Amino acid sequence: MSENLVRGTGERLAKFAESMNIPFSFKSVVVSSLTEIDEAQFDLNPKETVAVFSEYALQGLVSEPNELEALMGFMRKIRPSIMVVLESEVNLNSSVFAHRFVEVLFHYGAYFDCVNACLESSSGGERGLIESMFLNNHVRELLVKEGEEMARVVTVDVWRQFFGRFFMWEVELSSSAMETVNLLLGRFVGGKYCTLDADGGSLIVGWKGTPIFSISTWKFLH
(Lines of atoms letter the chains of each structure in order from A and count residues from 1; the text may use other names and numbers.)
(Lines give C-alpha, C1' and ligand atoms only; values in the text may rest on other atoms or scores of the structure.)
Protein backbone atom coordinates (compact mmCIF):
# COMPACT_ATOMS: atom_id res chain seq x y z
CA MET A 1 0.00 0.00 0.00
CA SER A 2 1.39 3.39 -1.01
CA GLU A 3 2.10 6.13 1.51
CA ASN A 4 -0.47 8.40 -0.20
CA LEU A 5 -3.15 5.72 0.13
CA VAL A 6 -2.35 5.29 3.82
CA ARG A 7 -2.46 9.05 4.36
CA GLY A 8 -5.83 9.24 2.59
CA THR A 9 -7.18 6.48 4.82
CA GLY A 10 -6.07 8.42 7.90
CA GLU A 11 -7.80 11.57 6.68
CA ARG A 12 -11.08 9.72 6.07
CA LEU A 13 -10.91 8.09 9.50
CA ALA A 14 -10.23 11.45 11.14
CA LYS A 15 -13.26 13.04 9.44
CA PHE A 16 -15.47 10.11 10.47
CA ALA A 17 -14.26 10.29 14.07
CA GLU A 18 -14.87 14.04 14.12
CA SER A 19 -18.44 13.55 12.86
CA MET A 20 -19.02 11.09 15.74
CA ASN A 21 -17.27 13.37 18.26
CA ILE A 22 -14.72 10.63 19.04
CA PRO A 23 -11.15 11.53 20.10
CA PHE A 24 -8.87 10.23 17.35
CA SER A 25 -5.29 10.44 16.17
CA PHE A 26 -3.63 8.74 13.21
CA LYS A 27 0.01 7.93 12.60
CA SER A 28 1.42 5.98 9.68
CA VAL A 29 4.66 4.02 9.98
CA VAL A 30 6.54 3.23 6.75
CA VAL A 31 9.42 0.74 6.65
CA SER A 32 11.27 -0.78 3.71
CA SER A 33 11.15 -4.19 5.39
CA LEU A 34 9.05 -5.61 8.23
CA THR A 35 12.28 -6.79 9.83
CA GLU A 36 12.85 -3.08 10.65
CA ILE A 37 9.57 -2.61 12.52
CA ASP A 38 10.00 -1.69 16.17
CA GLU A 39 7.89 -0.67 19.17
CA ALA A 40 9.64 2.72 19.36
CA GLN A 41 8.06 3.69 16.03
CA PHE A 42 4.59 3.60 17.58
CA ASP A 43 3.13 5.92 20.21
CA LEU A 44 2.05 3.10 22.51
CA ASN A 45 0.46 4.20 25.78
CA PRO A 46 0.57 1.54 28.53
CA LYS A 47 -2.75 2.89 29.83
CA GLU A 48 -4.49 2.26 26.51
CA THR A 49 -5.76 -1.00 25.08
CA VAL A 50 -4.04 -2.22 21.91
CA ALA A 51 -6.14 -3.89 19.21
CA VAL A 52 -4.97 -5.02 15.77
CA PHE A 53 -7.09 -5.29 12.62
CA SER A 54 -5.41 -7.06 9.72
CA GLU A 55 -7.30 -7.02 6.41
CA TYR A 56 -5.66 -9.05 3.62
CA ALA A 57 -2.29 -8.02 5.06
CA LEU A 58 -0.85 -11.44 5.87
CA GLN A 59 -1.50 -13.30 2.62
CA GLY A 60 0.99 -11.08 0.81
CA LEU A 61 3.68 -12.32 3.20
CA VAL A 62 3.15 -16.09 2.78
CA SER A 63 5.91 -16.20 0.16
CA GLU A 64 8.17 -14.02 2.38
CA PRO A 65 8.54 -16.06 5.59
CA ASN A 66 11.21 -13.81 7.14
CA GLU A 67 8.93 -10.77 6.82
CA LEU A 68 5.97 -12.68 8.22
CA GLU A 69 7.96 -14.03 11.16
CA ALA A 70 9.26 -10.52 11.93
CA LEU A 71 5.72 -9.09 11.91
CA MET A 72 4.37 -11.79 14.21
CA GLY A 73 7.31 -11.39 16.55
CA PHE A 74 6.50 -7.67 16.76
CA MET A 75 2.83 -8.44 17.42
CA ARG A 76 3.79 -10.71 20.28
CA LYS A 77 5.94 -7.94 21.78
CA ILE A 78 3.14 -5.37 21.84
CA ARG A 79 0.62 -8.03 23.01
CA PRO A 80 -2.65 -6.66 21.61
CA SER A 81 -5.76 -7.44 23.63
CA ILE A 82 -7.37 -8.72 20.44
CA MET A 83 -6.26 -9.30 16.86
CA VAL A 84 -8.91 -9.47 14.14
CA VAL A 85 -7.77 -11.13 10.92
CA LEU A 86 -9.59 -11.03 7.59
CA GLU A 87 -8.08 -13.15 4.82
CA SER A 88 -9.13 -14.74 1.53
CA GLU A 89 -10.59 -18.20 2.07
CA VAL A 90 -9.05 -20.19 -0.76
CA ASN A 91 -6.00 -22.38 -1.28
CA LEU A 92 -3.85 -20.80 -4.00
CA ASN A 93 -0.61 -22.35 -2.90
CA SER A 94 -0.21 -25.02 -5.58
CA SER A 95 2.90 -24.99 -7.74
CA VAL A 96 0.87 -26.69 -10.53
CA PHE A 97 -0.48 -23.95 -12.80
CA ALA A 98 -3.61 -25.88 -13.89
CA HIS A 99 -4.70 -26.43 -10.26
CA ARG A 100 -4.03 -22.81 -9.39
CA PHE A 101 -5.88 -21.58 -12.48
CA VAL A 102 -9.06 -23.50 -11.59
CA GLU A 103 -9.02 -22.21 -8.00
CA VAL A 104 -8.44 -18.62 -9.18
CA LEU A 105 -11.24 -18.96 -11.75
CA PHE A 106 -13.86 -20.04 -9.20
CA HIS A 107 -12.73 -17.78 -6.36
CA TYR A 108 -12.30 -14.54 -8.29
CA GLY A 109 -15.24 -15.33 -10.56
CA ALA A 110 -17.42 -15.24 -7.43
CA TYR A 111 -15.64 -12.08 -6.26
CA PHE A 112 -16.26 -10.21 -9.54
CA ASP A 113 -19.86 -11.43 -9.58
CA CYS A 114 -20.31 -10.00 -6.08
CA VAL A 115 -18.82 -6.64 -7.09
CA ASN A 116 -21.03 -6.57 -10.19
CA ALA A 117 -24.17 -7.24 -8.14
CA CYS A 118 -23.38 -4.84 -5.32
CA LEU A 119 -21.77 -1.88 -7.07
CA GLU A 120 -23.39 -0.11 -9.99
CA SER A 121 -21.15 0.50 -12.99
CA SER A 122 -21.90 4.19 -12.41
CA SER A 123 -20.22 4.01 -8.96
CA GLY A 124 -17.06 4.92 -10.86
CA GLY A 125 -13.89 5.26 -8.82
CA GLU A 126 -14.85 2.91 -5.99
CA ARG A 127 -15.70 0.01 -8.28
CA GLY A 128 -12.77 0.73 -10.58
CA LEU A 129 -10.36 0.72 -7.63
CA ILE A 130 -11.60 -2.68 -6.45
CA GLU A 131 -11.55 -4.25 -9.89
CA SER A 132 -8.27 -2.86 -11.23
CA MET A 133 -6.04 -2.34 -8.21
CA PHE A 134 -7.08 -5.21 -5.98
CA LEU A 135 -8.69 -7.95 -8.05
CA ASN A 136 -6.98 -7.68 -11.46
CA ASN A 137 -3.50 -7.14 -10.02
CA HIS A 138 -3.85 -10.01 -7.60
CA VAL A 139 -5.11 -12.39 -10.28
CA ARG A 140 -2.08 -11.50 -12.42
CA GLU A 141 0.34 -12.12 -9.55
CA LEU A 142 -1.23 -15.50 -8.85
CA LEU A 143 -1.16 -16.72 -12.45
CA VAL A 144 1.85 -15.09 -14.08
CA LYS A 145 4.53 -15.47 -11.44
CA GLU A 146 6.08 -18.86 -10.67
CA GLY A 147 8.41 -20.35 -8.09
CA GLU A 148 9.51 -18.18 -5.17
CA GLU A 149 8.02 -15.04 -6.78
CA MET A 150 4.53 -16.58 -6.94
CA ALA A 151 1.89 -14.97 -4.73
CA ARG A 152 0.39 -17.44 -2.29
CA VAL A 153 -2.96 -17.54 -0.52
CA VAL A 154 -3.93 -20.07 2.15
CA THR A 155 -7.07 -20.91 4.13
CA VAL A 156 -7.93 -20.21 7.76
CA ASP A 157 -6.88 -23.78 8.67
CA VAL A 158 -3.30 -22.95 7.67
CA TRP A 159 -3.38 -19.63 9.56
CA ARG A 160 -4.72 -21.47 12.59
CA GLN A 161 -1.66 -23.74 12.65
CA PHE A 162 0.66 -20.79 12.01
CA PHE A 163 -0.76 -18.65 14.82
CA GLY A 164 -0.45 -21.60 17.18
CA ARG A 165 3.33 -21.35 16.81
CA PHE A 166 3.14 -17.90 18.40
CA PHE A 167 0.98 -19.12 21.30
CA MET A 168 -2.20 -17.51 20.05
CA TRP A 169 -5.64 -18.91 20.71
CA GLU A 170 -8.76 -18.42 18.64
CA VAL A 171 -11.62 -16.47 20.17
CA GLU A 172 -15.06 -17.59 19.01
CA LEU A 173 -17.27 -14.86 17.58
CA SER A 174 -20.13 -14.04 19.94
CA SER A 175 -23.79 -14.62 19.14
CA SER A 176 -24.38 -10.85 19.22
CA ALA A 177 -21.68 -10.40 16.56
CA MET A 178 -23.41 -12.98 14.38
CA GLU A 179 -26.76 -11.24 14.88
CA THR A 180 -25.19 -7.95 13.80
CA VAL A 181 -23.76 -9.57 10.66
CA ASN A 182 -27.16 -11.02 9.72
CA LEU A 183 -28.80 -7.65 10.37
CA LEU A 184 -26.31 -5.90 8.08
CA LEU A 185 -26.80 -8.49 5.35
CA GLY A 186 -30.54 -7.84 5.49
CA ARG A 187 -29.88 -4.19 4.57
CA PHE A 188 -27.25 -4.98 1.98
CA VAL A 189 -27.95 -5.11 -1.76
CA GLY A 190 -27.40 -8.73 -2.73
CA GLY A 191 -27.26 -9.82 0.90
CA LYS A 192 -29.50 -12.79 0.16
CA TYR A 193 -26.68 -14.27 -1.94
CA CYS A 194 -24.15 -14.11 0.90
CA THR A 195 -23.48 -17.28 2.87
CA LEU A 196 -22.18 -17.50 6.43
CA ASP A 197 -20.52 -20.64 7.75
CA ALA A 198 -18.74 -21.35 11.02
CA ASP A 199 -15.27 -22.92 10.92
CA GLY A 200 -14.06 -23.48 14.46
CA GLY A 201 -14.26 -20.02 16.03
CA SER A 202 -14.01 -18.30 12.64
CA LEU A 203 -16.65 -17.06 10.23
CA ILE A 204 -16.47 -17.90 6.53
CA VAL A 205 -18.26 -15.40 4.29
CA GLY A 206 -19.17 -16.63 0.84
CA TRP A 207 -21.00 -15.54 -2.29
CA LYS A 208 -23.60 -17.95 -3.69
CA GLY A 209 -21.90 -20.78 -1.81
CA THR A 210 -18.30 -20.01 -2.84
CA PRO A 211 -16.10 -19.06 0.16
CA ILE A 212 -14.68 -15.54 -0.27
CA PHE A 213 -12.98 -14.61 2.99
CA SER A 214 -12.64 -15.65 6.62
CA ILE A 215 -12.88 -13.50 9.74
CA SER A 216 -11.14 -14.75 12.86
CA THR A 217 -10.20 -13.22 16.21
CA TRP A 218 -7.10 -14.09 18.23
CA LYS A 219 -5.44 -13.45 21.57
CA PHE A 220 -1.89 -14.11 22.71
CA LEU A 221 -1.41 -16.49 25.59
CA HIS A 222 0.59 -14.99 28.44
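In case you wondered, yes, glycine gets a Cβ from its N, Cα and C as well.
Just so you know, TrEMBL annotations never went through curation; they're auto-generated.
Record features, source TrEMBL:
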- 8-40: region 'Leucine repeat II (LRII)' (REGION)
- 50-141: region 'PFYRE' (REGION)
- 144-219: region 'SAW' (REGION)
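Residue counts for the region 'Leucine repeat II (LRII)' (8-40) under DSSP, helix first, then strand, then coil, are 17 helix, 0 strand, 16 coil. The average pLDDT for the region 'PFYRE' (50-141) in the predicted structure is 86.
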